[in-house]
Amino acid sequence: MSAKLDTTKRITFIGGGNMANAIIGGLLANGYPPTNIIVSEPFEASREKLQSTFGVLTTTDNAAAVAFSQDPKNVTTPADLVMLAVKPQIMRDVAQGIAHAVQKHKPVVVTIAAGITLKDLAKWLSSDAQGNDISGARSPALVRVMPNTPALVLEGATGLFASSEVTEEQKTLAFNVLGAVSKSAFWVEREELLDVVTGLSGSGPAYFFLMVECLAAAATELGLPSEVAQGLARQTCLGAGRMLVDTAEDPAELRRKVTSPNGTTHAAIQSLEASGMRQAFKDAVVAATKRGEELGKMFSQ
């Protein structure tokens, strides 16, 4: 996806893990200046890697990072966007720790944590570390996103949902930042649909990995060397995906085009249909969607 990035905006990452690294790499590949990115990361080795690999600013102070400063007492221009790239299990503590800074500087806050609802995040960003409401606090501008792991190679698919407080300018900024690592990105109309996005594209890469695993295993049992079976299965998956993206044809039509009547592919498709493949994939998406809903309820408690 081609993203038109406003490179004057200041972006803060709370957490410097794999997804943060992927997004930062995508931003820099699109010409974003590293001096407009700051990462708050507790581990020294990770900070040093971020500095040496990307040349971005780093700090251990989350609130200072929201102010876009390595020193909270020396604030010039605060962050325009704050990306919360931490595990769901620590999101409450992290959010309450930066609540005062968010209320003061009013960035758009983007979360990539699975299962954390905007209702809960808004509550945490309006209270202090002791859980007390901040006097005069307003609902922050929040965007919840569900990227997937192919973002690590700049081939991601991402779903997004924005709270009513998010301006059009902030929506554009959030969309374009995620677009730096996503070939497809879509806004959804209701937040609960992000659980469906989780079941489809968030968990989806694992479905393809399993498919390649099964195809290669079958071919190996039939006599192909493992490395040959793996190589052919991997490239077949990649090539089929490229045809889906580049031609924009309906997948059912592409399947029909490569399925000659009574041919080898026809025999294979009949076998898959008889094995209940369609229902198996439906069940997988439903299971992942329901688990996303369950995680949301668990983290809100």
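Cβ from N, Cα, C; glycine included.
What TrEMBL records for 10-114 is domain 'Pyrroline-5-carboxylate reductase catalytic N-terminal'. Taken residue by residue, the domain 'Pyrroline-5-carboxylate reductase catalytic N-terminal' (10-114) breaks down under DSSP into 49 helix, 19 strand, 37 coil.
Annotation source TrEMBL lists NADP(+) binding site at I14, G15, G16, G17, N18, M19, A85, V86, K87, P88. Listed in sequence order, A113 are the same-chain residues at least 6 apart in sequence whose CB falls under 8 Å from the CB of K87 (NADP(+) binding site).
For 191-295, the entry in TrEMBL reads domain 'Pyrroline-5-carboxylate reductase dimerisation'. Across the domain 'Pyrroline-5-carboxylate reductase dimerisation' (191-295), the prediction's mean pLDDT works out to 96.
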Helix, strand and coil residues within the domain 'Pyrroline-5-carboxylate reductase dimerisation' (191-295) as assigned by DSSP: 87 helix, 0 strand, 18 coil
